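Before any comments, here is the structure.
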Ligand SMILES: Cc1cc2nc3c(=O)[nH]c(=O)nc-3n(C[C@H](O)[C@H](O)[C@H](O)COP(=O)(O)OP(=O)(O)OC[C@H]3O[C@@H](n4cnc5c(N)ncnc54)[C@H](O)[C@@H]3O)c2cc1C
């Protein structure tokens, strides 16, 4: 029997999934597939919460598909090897999937496509995780935007509700391979164990979106949507979110979703920014990279409550409030003069919503080296930030039980001295 494969990756949902819907509309029965990619997994700790979340999301889809007399075949290995195996097990016509824009994924897909082409099997990809991808929103002269506000304006100009928000669902389950017993793996099979950290539920209610602008900067309030990991792994569709964001009178939430796409197109056009400063001069900064100070930062022991509370929240829950992320990132790069790449890597290890484009983009923003970054001489004062955004110490007390006790560390650097030192080092780098 000739079949098509639909390959799930960062789109772990059956509804409003562009590639999956198109696969179901095709001529051949569809075999849904998910691959735990061992090249990605080897980098992670055994109780990684994101792996547990992916595992549970895939098993949930599997159950739902089994109710429709089908399933999803789940494999563990190198995608190219798994496809080699699948081409010998099945008579494949096409592999269909949603596009992934990260450098590793682009290379992986290129190799899979080449393998399939040699066997005369098609490889078709769809846009699913964004409203606008790659170079759909560029300047009139075709160059990419490197400043957010004009990008956001062009995004809104080009946006057409009837075209971009069309919900794509096609529940023709009989077009799936009718087999409820397709291969599966357990967490243990892939070398992992269940994490104690859970991805929290999200809130995209009209109430939250209505008050988002006024409350989103205060970390003690539960006033942001916590949608990050769901967007990252595709358990919710961007079209659904934009639909809700448009209904809100205030458009701040929509603008945040556009920031996500802004950073994604930056990564697409400038893949070198994963490792290099967007503004080249910033790679001349003489980082101090003191390992003891880095350890104090990671463990929430810098003596600056807002920094410490944030890092402890991250270590305990895999989440940190956006305002606090800005403060801890600025503190690492400027006060401690530690390379933004160290902080980026630590966030990548810990954040449930870790997403390469947004993480690199925001870290380079904090370091001053990125697109649309704050000028280097604007240095967050972690004490003033605390007074402004957590004036009753509600947030910091929640995460630092010993805040007012003698065992709470003294500041590891003096704000004023560290600020002056950062200004000198940055100035030297950018004016050389
Ligand atoms: C140093 C640093 C590192 C960051 N790393 C990541 C990361 O790895 N992954 C990630 O998704 N976000 C990252 N962010 C952006 C932001 O902090 C998170 O998206 C947000 O805190 C997630 O919580 P939420 O879903 O409740 O956000 P909400 O405030 O409810 O926002 C909704 C969604 O909008 C998008 N969004 C909001 N702010 C930003 C932003 N500044 N940049 C890009 N998209 C944004 C996200 O997709 C977010 O989930 C980082 C920010 C900083 C300062």
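Including glycine, each Cβ sits where the backbone N, Cα and C put it.
Predicted automatically and left uncurated, TrEMBL annotations should be read as such.
Fair warning: this is a prediction, and the values are worked out from it, not measured in the lab.
According to TrEMBL, the feature domain 'Photolyase/cryptochrome alpha/beta' maps to 2-131. Residues annotated as FAD binding site in TrEMBL: 212, 253, 256, 257, 258, 259, 260, 261, 262, 263. Annotated site 'Electron transfer via tryptophanyl radical' per TrEMBL: 287, 340, 363, in sequence order.
Locations of recorded TrEMBL features on the structure.
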residue	record	DSSP (3 states)
212	FAD binding site	helix
256	FAD binding site	helix
262	FAD binding site	helix
287	site 'Electron transfer via tryptophanyl radical'	coil
340	site 'Electron transfer via tryptophanyl radical'	helix
363	site 'Electron transfer via tryptophanyl radical'	helix
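Nearest Cα neighbour of residue 258 (FAD binding site) among the listed recorded sites (287, 340, 363): 363. Taking Cβ-Cβ distances under 8 Å and a sequence separation of 6 or more, the neighbours of residue 287 (site 'Electron transfer via tryptophanyl radical') in its chain are 337, 338, 339.
Only 256, 260, 363, of the recorded positions 212, 256, 260, 340, 363, place a Cβ under 6 Å from an atom of ligand 1. Residue 363 (site 'Electron transfer via tryptophanyl radical') sits 6 Å from residue 340 (site 'Electron transfer via tryptophanyl radical'), taking the C-alpha atoms as the reference points. Across 212, 253, 256, 257, 258, 259, 260, 261, 262, 263, which the record gives as binding FAD, the greatest C-alpha separation is 21 Å. The binding-site residues recorded for this entry are 212, 256, 262, and the Cα of 262 lies nearest to that of residue 340 (site 'Electron transfer via tryptophanyl radical').
In this model, the domain 'Photolyase/cryptochrome alpha/beta' (2-131) carries an average pLDDT of 97. Note: residue 260 (FAD binding site) has non-local neighbours 130, 231, 355, 357, 358, i.e. same-chain residues 6+ apart with C-beta under 8 A of its own C-beta. Of the listed recorded positions, namely 212, 262, 340, 363, the sparsest CB environment within 10 A is found at 212. DSSP labels the residues of the domain 'Photolyase/cryptochrome alpha/beta' (2-131) in these numbers: 56 helix, 33 strand, 41 coil.
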